[in-house]
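S.K.: Here you go, one structure.
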Amino acid sequence: MKVLFFAGAKDVTNSTFAEVPQVQSVPELLEQLVALYPQLSPILPTCMLAVNLEYVELSGKDADGNEIRLKETDEIALIPPVSGG
Amino acid sequence: MQKKEKTTLTNEEISRYSRQLLLPCIGTAGQEKILKSSVLVVGAGGLGSPVLLYLAAAGIGKLGIIDYDNLETSNLQRQIVHSEKNVGTPKVESAKSTIQNLNSNTKVETYNLLIDKSNAMDIIKEYDIVVDATDNVATRYLLNDASVFLKKPLVSAGALRMDGQLTVYNYNGGPCYRCIFPTPPPADTVTNCNDGGVLGVITGIMGSIQALEVLKIVTGIESSYVQKMLLFDGLTGSFRQIKIRPRNPNCPVCGDHPTITELIDYVQFCGAGAHDKTPNLKILDDKDRITVHDYKSIRDTEQHHVLLDVRETVQFNICSLDNSLHIPYANLHKQLDILKKENPNEHPVYVVCRRGNDSQLAVNFLKESGIENCFDIVGGLDEWAAKIDHGFPTY
């Protein structure tokens with residue numbers, strides 16, 4: 001499955017996206033990401049995650065508190081805050 | 001027939017603002033609201049410049065500008081509210097003079113100070129809307145919390161390199177900054193425009209959208225970025241809207257049972273100063289470092305050595321000292337053999353970077369890799385330009 005990197009995530013990975021093996025939950029996905037890009041681990045807890053353009057908590061819950069299940073076709077985005085100006 | 005209240009706009013105002021009066025979504029009623037409104041813009045930099053210019057042009061009644069910096073030449077590439085002749089003067093005064101040339105009807109209040117917990121509430125309470133156009137994490141959390149306590153919408157954007165982000169926080173049931181980003185990033189992972197660079201058009205686009213959202217809120221048009229985050233990628237030209245969460249009932253500031261009820265020490269909370277300057281680290285012992293003066297005499301007396309420059313390639317391409325060996329810090333582990341070809345244990349290696357932070361990390365790495373005879377040049381090339389060679393470029 002494809003994970004898009006934004007801002008600082010793009011900078012530390014030197015990449016705009018990652019292909020990760022299919023997983024079902026967000027915590028599993030984050031594990032895969034750190035395995036591929038260990039340099040993500042310090043910024044990961046401060047990032048926002050979006051699945052199909054919708055906010056998801058890093059714990060894998062959506063805004064209503066429901067556990068989300070990931071599908072192969074999902075567009076996942078890893079979005080660290082941008083604080084420059 | 002329905003009888004309408006006559007507009008309070010003067011003839012001069014009608015002709016001045018006619019192009020926006022003709023918009024059904026603004027009209028005379030909207031313009032009257034614009035003229036009565038007050039907006040606080042925190043940061044008179046890359047984002048703040050277009051915000052201030054467009055809001056003044058549109059006729060906002062009162063603009064507050066907070067910034068404690070003086071204008072530098074390197075600001076002019078993106079901070080379009082300023083001009084060359086004001087370099088070295090306070091940014092708030094420079095911005096004020098531009099705004100008053102543009103629209104003398106706009107009242108401008110300047111705050112040439114660092115906004116912090118001691119003054120934020122008193123300043124912010126005087127305004128209807130807060131615009132976060134700052135350049136650092138600590139001030140972003142400060143503005144968020146103060147806006148929550150004072151129930152002010154916070155129109156927030158950030159820009160770096162070719163990327164921008166924008167959200168309207170704390171408005172109409174939407175989240176606050178902490179609902180989305182509860183944890184501040186570790187200080188050493190934050191890249192600022194000073195180090196990472198930014199294209200002026202990127203801050204221009206993001207600041208212009210901030211100004212647009214302010215005008216929509218003022219005139220009662222629904223804001224497009226409540227519970228939504230705009231992600232702009234200037235390289236691919238893509239605008240993405242992420243639907244973000246509503247207010248988090250468990251948020252420590254805006255939640256149902258807040259645990260933070262007054263402003264805190266944001267520099268401590270973020271572990272980073274309320275500015276975009278890169279701190280000077282001291283990682284190494286003095287015995288592993290030499291001054292630029294000492295290094296100058298090593299060069300002058302032609303002592304055999306290796307000068308290792310560990311800056312990124314884009315920086316190395318801007319300027320470098322003659323006879324530098326260039327290996328970016330990020331590649332050092334992969335390209336150590338390039339250095340080893342120079343027989344680094346037979347003569348000393350002096351490591352340099354822009355400011356003397358990465359060079360210290362590089363010295364540590366080299367020592368761990370068995371290259372003992374290496375030293376960091378304190379303060380890097382910036383210090384070289386300041387103390388040794390005034391003709392050496394700084395950036």
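Backbone N, Cα and C define each Cβ position, glycine as well.
Just lifted these from TrEMBL, have a look:
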- B:Gly46, B:Asp67, B:Ser74, B:Asn75, B:Leu76, B:Gln77, B:Arg78, B:Lys91, B:Asp135, B:Asn136: ATP binding site (BINDING)
- B:Cys176, B:Cys179, B:Cys251, B:Cys254: Zn(2+) binding site (BINDING)
- B:Cys193: active site, glycyl thioester intermediate (ACT_SITE)
- B:301-393: domain 'Rhodanese' (DOMAIN)
- B:Cys353: active site, cysteine persulfide intermediate (ACT_SITE)
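I'd like these features described in context: how deep, what's nearby, how far apart.
M.R.: In the three-state DSSP classification, B:Gly46 (ATP binding site) falls within coil.
Non-local neighbourhood of B:Cys251 (Zn(2+) binding site): B:Pro175, B:Cys176, B:Arg178, B:Cys179, B:Pro182, B:Pro258, each in the same chain, at least six residues away, with C-beta under 8 Å from its C-beta.
The Cβ of B:Cys193 (active site, glycyl thioester intermediate) has 23 neighbouring Cβ atoms from other residues within 10 Å, across all protein chains displayed. DSSP classifies B:Cys193 (active site, glycyl thioester intermediate) as helix under the three-state reduction.
On the 0 to 100 pLDDT scale, the domain 'Rhodanese' (B:301-393) averages 93 in this prediction.
Cβ environment of B:Cys353 (active site, cysteine persulfide intermediate): B:Asp309, B:Val310, B:Arg311, B:Tyr329, B:Ser359, B:Ala362, B:Gly380, B:Leu381 lie under 8 Å away, each six or more residues apart in the same chain.
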S.K.: Going by Cα-Cα distance, pick out whichever of the binding-site residues B:Ser74, B:Asp135, B:Cys254 is nearest to B:Cys193 (active site, glycyl thioester intermediate).
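M.R.: Out of the listed candidates, the nearest Cα belongs to B:Asp135.
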S.K.: Can you give me the same-chain residues 6 or more apart in sequence from B:Leu76 (ATP binding site) with a CB-CB distance under 8 Å?
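M.R.: Result: B:His82, B:Ser83, B:Glu84, B:Val87.
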S.K.: Taking each of B:Gly46, B:Cys176, B:Cys193, B:Cys251, B:Cys254, B:Cys353 in turn, which of these recorded positions have a Cβ less than 8 Å away from a Cβ in chain A?
M.R.: B:Gly46, B:Cys193
S.K.: Let me know the DSSP-derived helix, strand or coil state of B:Cys179 (Zn(2+) binding site), please.
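M.R.: DSSP call for B:Cys179 (Zn(2+) binding site): helix.
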S.K.: How many whole Å apart are the CA atoms of B:Arg78 (ATP binding site) and B:Cys254 (Zn(2+) binding site)?
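M.R.: The separation of the Cα atoms works out to 34 Å.
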S.K.: Could you give the Cα-Cα distance between B:Cys254 (Zn(2+) binding site) and B:Asp135 (ATP binding site), in whole Å?
M.R.: 23
S.K.: Could you tell me the maximum Cα-Cα distance in Å between the residues recorded as binding ATP, namely B:Gly46, B:Asp67, B:Ser74, B:Asn75, B:Leu76, B:Gln77, B:Arg78, B:Lys91, B:Asp135, B:Asn136, rounded to a whole number?
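M.R.: Across B:Gly46, B:Asp67, B:Ser74, B:Asn75, B:Leu76, B:Gln77, B:Arg78, B:Lys91, B:Asp135, B:Asn136, the widest Cα separation comes out at 19 Å.
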